[in-house]
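To keep things clear, I will list the structure first and then write my remarks on it.
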Amino acid sequence: MKSFKSPGRHGYAVEVSPFLASTVACASSQYYGIAGCGTLLVLEQREADVSLVRSFDWNDGLFDVTWSESNEHVLVTGGGDGSLQIWDTANPQGLLQVLKGHTQEVYSVDWSQTRGENLVVSGSWDHTAKVWDPERCQLVTSLQGHEGVIYSTIWSPHISACFASASGDGTLRVWDVKAGSCRLAIPAHRAEALSCDWCKYDQNVLVTGSVDCSLRVWDLRNIRNPVAQMMGHSYAIRRVKFCPFYKTVLASCSYDFTVRFWDYSKSQPLLETLEHHSEFVCGLDFNLHIPNQVVDCSWDETVKVFTPSCLAAQ
């Protein structure tokens, strides 16, 4: 396991570059994101360790990060001041543009993976999701419907102009950007839903993670009951991710300081529990270039790069 320490910066989100196997971005904040500024860390994993390539400071906490799908140097972060920041790692100044529109913290940003579609979606504590054109630096549309904080907004990897959102109102919603409306609202949990993700192999399958400590897998063709429910975490699940290499394998990270791996097709779905952090684990991502490699980040000021044994054995 490789580790990077960022003193005074508490990790909220990590994402591996879609272009470069060894490059990782981490959105972090001072004072656990309650006060102070934020820092975007651009890291490079080497054979033995993880090193800092660039860091960019923002005047408020940074809560999420997403890489451009069209330019290997460009990233977008979401900030505590309600703005999105567009950064260029090849630019000495770093900051390219600031997108303003949300009235409260931006907790989620995601760059569309659909070909020919350069869009960023953001989710905010102001209960809205907004879609942006990052090249023109313009707001495309603002979508309302959630009755609570939006914690997670994720583009469908299959369907263009479609994203899912998870909210403090306990619902999972699927949105059609072209129609400017919510296509589906699923009462996913009786507690706050903090995260969602799409299956990479089936356009109808999503997962949600909640304050109720459960992960639930949903099939959009039958939303009455989840396909699977997985229990095991002892505190809120902060982030869930579908594995890009196995259809039914998932990862989750939690305020219980653990990262867990699951296979929802099995009768005993919990594959492995990792306890390598000493604080809330908030960020999680699979490396698309290196099969089964995972990156996470925590409020303990570390970013970890590792391959869980349950996946290494497959």
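Just so it is clear, glycine is given a Cβ too, placed from its N, Cα and C backbone atoms.
Automatic prediction, not curation, is the source of TrEMBL annotations.
According to TrEMBL, the protein has these features:
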REPEAT    65-97  repeat 'WD'
REPEAT    99-142  repeat 'WD'
REPEAT    143-185  repeat 'WD'
REPEAT    186-222  repeat 'WD'
REPEAT    230-272  repeat 'WD'
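Long-range contacts of the repeat 'WD' (186-222) within the same chain: residues 148-149, 151-152, 154-159, 164-174, 228-244, 247, 250, 252, 254, 262, 264, each at least 6 residues beyond the stretch ends and with a Cβ under 8 Å from a Cβ of the stretch. Packing against the repeat 'WD' (230-272) from elsewhere in the chain are residues 13, 152, 192, 194-202, 207-211, 213-217, 278-286, 288, 291-292, 294, 296, 298, 308-311, 314: each is 6 or more residues past its ends and has a CB under 8 Å from a CB in it.
Within the model, the repeat 'WD' (230-272) shows a mean pLDDT value of 98, rounded to a whole number.
Same-chain residues lying 6 or more positions outside the repeat 'WD' (99-142) and placing a CB less than 8 Å from one of its CB atoms are 18, 61, 63-70, 74, 76-86, 148-157, 159-161, 163, 165, 167, 175, 177, 180.
For the repeat 'WD' (65-97), the residues of the chain that approach it from at least six positions outside its boundaries are 13-20, 25-27, 29, 33, 38, 40, 42, 53-54, 56, 58-59, 103-113, 118, 120, 122, 124, 126, 132, 134, 137, judged by C-beta separation under 8 angstroms. Here the repeat 'WD' (186-222) is broken down by DSSP into helix, strand and coil counts: 0 helix, 21 strand, 16 coil.
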